[in-house]
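Here Swiss-Prot flags G77, Q78, P79, G80, T81, G82, K83, T84 as ATP binding site, drawing on similarity to another entry.
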Amino acid sequence: MAAQVATTKVPEVRDITRIERIGAHSHIRGLGLDDALEPRQVSQGMVGQLASRRAAGLILEMIKDGQIAGRAVLIAGQPGTGKTAIAMGIAQSLGPDTPFTALAGSEIFSLEMSKTEALSQAFRKAIGVRIKEETEIIEGEVVEIQIDRPATGTGAKVGKLTLKTTEMETIYDLGTKMIESLSKERVQAGDVITIDKATGKISKLGRSFTRARDYDAMGAQTQFVQCPEGELQKRKEVVHTVSLHEIDVINSRTQGFLALFSGDTGEIKSEVREQINAKVSEWREEGKAEIIPGVLFIDEVHMLDIECFSFLNRALESDLSPVLIMATNRGITRIRGTNYQSPHGIPIDMLDRLLIIATTPYTEKETRQILKIRCEEEDVELSEEAHTVLTRIGQETSLRYAIQLISTAGLVCRKRRGTEVQVEDIKRVYSLFLDEARSSQYMKEYQDSFLFNETQTSQMDTS
């Protein structure tokens, strides 16, 4: 009788790779300044705009100090001169602790809530509260876990947990909930854990170095830590950083914390905000909390109307106000909601409160360097001739159009099994995709063939 050999099918293990989308400003890492706030020509993804970046560096230092709130900055310049890039550079330089909220001018117009409510929520999102509290924790290395289960299978489980430090060892009695928490965290002998006495939360810090030579199958993510020193019970200061908007939402209704995840916050009453402001001020006086004025960035600010600007004038005078950064590419244009014209479409009384940073068009050398950085970001290799042609296109049309041709030319290159984008690839995508000037010329030539053409000089005789 032939022996049957059992074959075990080994499941295929796939690595989960992190997907990072490449955005228009994903190459920006900071403002590219040295310690003396002097801008480098090319640094952290920023190119040129030396005076604008130096001014933004001063604003950045003012934000980091956190002492001055309610200041407003306007970044004004032609399209494609790096206004949003400077704002993103400020955001990257601030770090994770300082709140940064970005929105476009048209985002505040909604049927669900009023314009002033949308602006109020944006302001509150950009103000952080650092709350300090002291908690008692038990920190030690697990020596042994004993769990006694009832013989009948029903009833409460009880057990004992032995913890030790370098100086002492103690046995704790365990209840049902603590046993479930230990099982959930998969705590075993040799683990270094912390237990929050107030909440009963168990956190596993890692494995003890004394167990490093054990013959256990451990994954690459296993961390080895020293056995804790001193007493088992310690007092630890925990710092929580939340925004004022999150506190507003949680206190606005029952089960308000669920609205933080769903995004359905709705309009929040002013009485709730006043109570929260009073409570936060009380915490500040007691030393329990610290206010972190963040940054609110409003792009395309000319889209706001006269009512929004009136609200901003009042909101900037509050002591709980972030640093407001705005950007616009408009010249002298009509203020939305009125028949009056003003520089950048912003009322004069609002302009009087602003520090204005001007951006200038990029030179050919700077355009070439920006395109080189974008090619590295999008993982596209260009030949020297193709780089020169693309730079000329960027100078004659716009920088955004030239950047958009990089990925399309890279795709054309891959389709022909090439490794480096050549001039022919640039020419092909240039002929396929029109820029603004060629599109306008095309419309002028064939305007009579399009429906609802409003530029026709002759009217049809309907008599």
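Glycine residues also receive a Cβ, built from the backbone N, Cα and C atoms like all the rest.
Between the listed binding-site residues, namely G77, P79, G80, G82, the fewest other CB atoms within 10 angstroms of a CB are found at P79. The Cβ of T84 (ATP binding site) lies under 8 Å from the Cβ of A24, H25, D299, A327, each on the same chain and at least six residues away in sequence. Close to the recorded ATP site, the chain also has N329, T359: residues not among G77, Q78, P79, G80, T81, G82, K83, T84 whose Cβ is within 8 Å of the site's Cβ mean position. The Cβ of T81 (ATP binding site) lies under 8 Å from the Cβ of Q49, T359, T360, P361, Y362, each of which sits 6+ residues away along the same chain. Cβ neighbours of K83 (ATP binding site) (same chain, under 8 Å, six or more residues apart in sequence): I75, A76, G77, D299, A327, T328, N329, T359. With a 10 A radius on its CB, Q78 (ATP binding site) counts 13 other CB atoms from all the protein chains.
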